[in-house]
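**Q** For reference, the structure I am asking about is given below.
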Amino acid sequence: MTSITRTGSARGTSTRTRRRPIRPNLVATHVVLAIGLVLFAFPFYWLVVMATSSTSDIFSFPPRLIPGPEFFNNFGQVLANTTFVQAFFNSIWLTALTATIQLFLASLAGYVFAKRRFPGRDRLFGLVLVTLVLPTGVALVPSYQIYAGLGWLNSFWPLIIPSAVSAFGVFWMRQAAVSAVPDEVIDAAAIDGAGFLRTYWTVVLPMIRPSLVALGIFQIMWTWNDYLWPLLVLGNPAQYTLPIAIQQLKGNYGNVDYSVVMAGTLVATLPLIALFLALRRTVLDNVAGSAVKG
Amino acid sequence: MTETAAVRRHWREYLSISPFFVLFAAFSIVPLIYALYLSTQQWDGIGDSKFVGLAQWQRLVASNDFWYATGNTFLIFAMGQIPVIIGALIAAVLLSQPRLRARGLYQTAFFLPQVTSLVVVAVVFQAVFSNRFGLTNVLLQAAKLPTFQWLTDPWGIRIVIAAMIIWRGFGYFLLIFMAGISAIDTGLYEAARLDGAGPVRILGSITLPVLRPTVIFVALTGTISGLQLFTEPQLLFGGGSGPDRGGLTMMLLQYQYLGGPGAATAQTAVTPDLGYASVIGWAVFIILLAIAALSFRFTRRGLED
Amino acid sequence: MSKIRTAAAMGAAAALIAALAGCSSGGSDSKTVTIWYRPNSLPAASIKGVQKQFPDVTIKLVKTPDVDTKLTSALRANSGVPDIAVANTQPLRSAQSKIVDVSKYGFASVKSDYLDWKVKAAQGDDGAQIGIPIDIGPEGFFYRVDKFKAAGLPTDPADVGKLVSTFDGYEQVAQTTKDKLGAFVCDSPDSSVYVPKTFGQGYFYYSSDGKLDPGSAVNKQGFIDATTFGQKGLCLNAQPYQSDWSAGASQGKLVGFVGPAYEATLLSSSAQNSSGQWRVTTAPGGSSSQIGSNLSVFKTNADPKVTTKIAIWLTNATNQASGYQTDRLFPSTPASYSMAAMKEPESYFGGQVTAQVFAGIAKDAPTVTTGPASITTQTVFNNAMIDAVKNKTNPSDAFAKALSAAPTAQ
């Protein structure tokens, strides 16, 4: 992988300002992307339509395709029938906490696996990869039992601890460090007298920022939407997270008033969209180069 | 230098990676051993369990369910997971073109399915593909074209599941690829273009080589998660396998034998048996490990730096 | 310097993990009674009044989705089990050793307040009472007056009930609406035909002496008749709670169906636009009822006597009567049927008092013998029926194939 790090350090020759005529290529690109845009955004758009209509309207013919006036009515029912507000705050702090822990532990481990040499490193990393493949599902029963034995049922610990650091996160951060952090930079930091933690904090972290933020987005999304495990271990409605609160709208024997559920879901989704919009540029825009120069 | 001395010298490294291994030991090893024990039992999960030795393994080998599920999983994997990864890579390259207008709009649209809750996904896909009143069939009918029984024909089911995988996974893989691409120096592209390199050559000679760690990551985790396919058919059929078992996958079968969530209301046509479920879990583990080892071999160079 | 900082950061992480070990949650004691229930599975009056009724104990009501999942998980690990849960009893049968036989703690004296068949359906092995009845799902025939009129069919509930009382009559109605309106009075052959044909005989895959018996003549006949009915193209072929069902109801393509009382909730939210046009009458083939849920009392460290008393109070006739209008919980206590709450006309049903129609059906419904494998077996046959209707398989062959895939007694 040394070839990558070398190309990485040869940055800074951008010719951004040069003018360029419109290419047919670009038109084709837009056509392809626009079709994708419609297909991918449609279900979300439909969520908005459903959340603002009545259930009966959703299923009528021709199908309703523009947002209706029922949102506040629907959302009012969400507030009346669930612990939505409390669940919202539970989800916020729980998600923020687990994401912070995950980002710190995974990036630290990823950096160590990518850039530090120590006995047994490759074998230990192999073990990390194997855990990606471990059979899940059956683990639900003993996991529940372990947390019960620890006395952690009906608390948030079973939601915080297992997602503190994942094999996925460690693997992802290692790959990021391999490709984005040139060995030369680490060596230079060592010559400057930076210690282990300072190198990690001031040199490595800024350089792997896009990947770090991407992992953060994923971790937040997963924790935010996780349903089954929180359902099993949380025993008190005051502790419920958003997905459970919304499922409280599912009545006896599977009765669902779709538009009400959708109104709750829409509001529950907004923070994730806001987060994505806020962080989008960090991950998706080509900002490379600045970190190396700094 | 003795080994203990080396370990002592590298205590920071070991300490840094220790949280992962502590959690692994506490919350993965024990369940693993437990699953091994369970595989020798017959247990509905609530009543008394019974020791059956290797009978569950014999059952796995002899049953047509598991092998059908395995074949179906690979089929859907090929129809959904492979296209979504390749498609996301292409989209990532397209979206990283300099001075592309409305980039943010596209990126956001592609990412929306990722934040859309699974509850919505289930409702939308049922409404779009349902046999009689689904949007697709209504449109086909309006265009005087023959309709298709998306949710009852086994191939229709596979197509719908593949579409769900593509729809849900696209933004995820896009984000991963773009995070990798954003580490590439824009100057490299400009230089290559000035040299007259076309988009295909730029992809082959700059983007892919630099992206190699990302591609390896995606190939490995994407294969593992793609073959553990479960959420999409589970959403579509409430835990059942769908008509003619068109949506049955390995993990869905395991879920059914676990007496999965909503056991009392889910459309599971099997008697829960945690022993059999853990044997399925181990079989999936072996299959995935073999595949991972194989792909590891091919991509070895990328993992070593 | 950096070493100290490193150590500090590592220490913080370690401390976090160590701190967790000290945290424990309080278990339930005999003074706290925890009740798990699905949304809308307990009448509002029960929820509101229970704490006042039992001031000496702390009652913790936990409204949780997917209660059966949560309960299974807790029972498997034998920890975190609540004192009372509103749940389906069939899957709990294998956990009988963890459930209190409430007949020993005061249920015996109030047993006669509940429908006899429902009490029996909540019994485990050796007659142990492992559930206290709450709601049931009497099966009625729902239909649309305006559409029936348009098809030249009678519209009065009594007349319609008589017309569809036999399956031949039902088939004629189905043919008429299909020919004249292009609409269906059968949602799916399994719920509109198979259920009344089997439940109406008290059959839920077990013989009356409690043996798993999927090969019985009742099942075979019911399966073949329902499949044949479906293969004639007389059903919409949409399952309740699927979007095709709701779309069919909303768009006037589903103008009748056989379903339990609680499906009125699904109907009224899906087809708000035909409010006032729907009616309920007796279903084809006589009276039958879905079993519904029960309150199970678990052997936790709470006092079983008090817990049983609470469960009985939660399900008494007055409380149950209040659950029909708002939550569509049809009472299993006949005394409820003559109470005012069960005599209110409903605008969605054009002013009809639907509770009284279902009350008649509930009283006549036969005792259904159930067992742990009932639901699984039902799923096997339902799936087989849907496949057979779609693939036009010979019904007898489809039955034989399903029978070979059905669970066998262990």
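From the backbone N, Cα and C atoms, a Cβ is placed for every residue, glycine too.
Taken from TrEMBL, the feature transmembrane segment applies to A:26-48, A:92-112, A:124-144, A:156-173, A:200-222, A:258-279. Per TrEMBL, domain 'ABC transmembrane type-1' is recorded for A:88-279.
I'd like these features described in context: how deep, what's nearby, how far apart.
**A** Beyond its flanks by at least six residues, the transmembrane segment (A:26-48) meets 67, 262, 265-266, 269 of its own chain at Cβ-Cβ distances under 8 Å.
Same-chain neighbours of the transmembrane segment (A:92-112): 118, 156, 159-160, 163-166, 169-177, 181, 200, 204-205, 208, 212, 215-216, 219-220, 223-224, 241, 271, counting only residues six or more beyond its ends whose CB sits under 8 Å from a CB of the stretch.
Through the fold, the transmembrane segment (A:124-144) approaches residues 113, 153, 158, 162, 167-168, 170-171, 174, 229, 232-233 of its own chain, all at least 6 residues removed from its boundaries and within a Cβ separation under 8 Å.
Residues 94, 97-98, 101-103, 105-107, 109-111, 113-114, 128-129, 131-132, 143, 147, 150, 208, 211-212, 214-215, 219, 222-223, 226, 229-230, 233-234, 239, 241 of the same chain, all 6+ positions outside the transmembrane segment (A:156-173), place their C-beta atoms under 8 angstroms from a C-beta of that stretch.
Residues 47-48, 50-55, 57-58, 70-71, 74-75, 77-78, 81-82, 84, 88, 91-92, 213, 216-217, 220-221, 224, 242-243, 245-246, 249-250 of the same chain, all 6+ positions outside the transmembrane segment (A:258-279), place their C-beta atoms under 8 angstroms from a C-beta of that stretch.
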**Q** Who are the long-range neighbours of the transmembrane segment (A:200-222) in its own chain, taking Cβ under 8 Å and residues 6 or more past its ends?
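**A** That would be 95-96, 98-99, 102-103, 106-108, 110-111, 115, 163, 169, 172-173, 175-177, 180-181, 185-186, 189, 194, 272, 275-276, 279, 282-284, 287, 291-292, 294.
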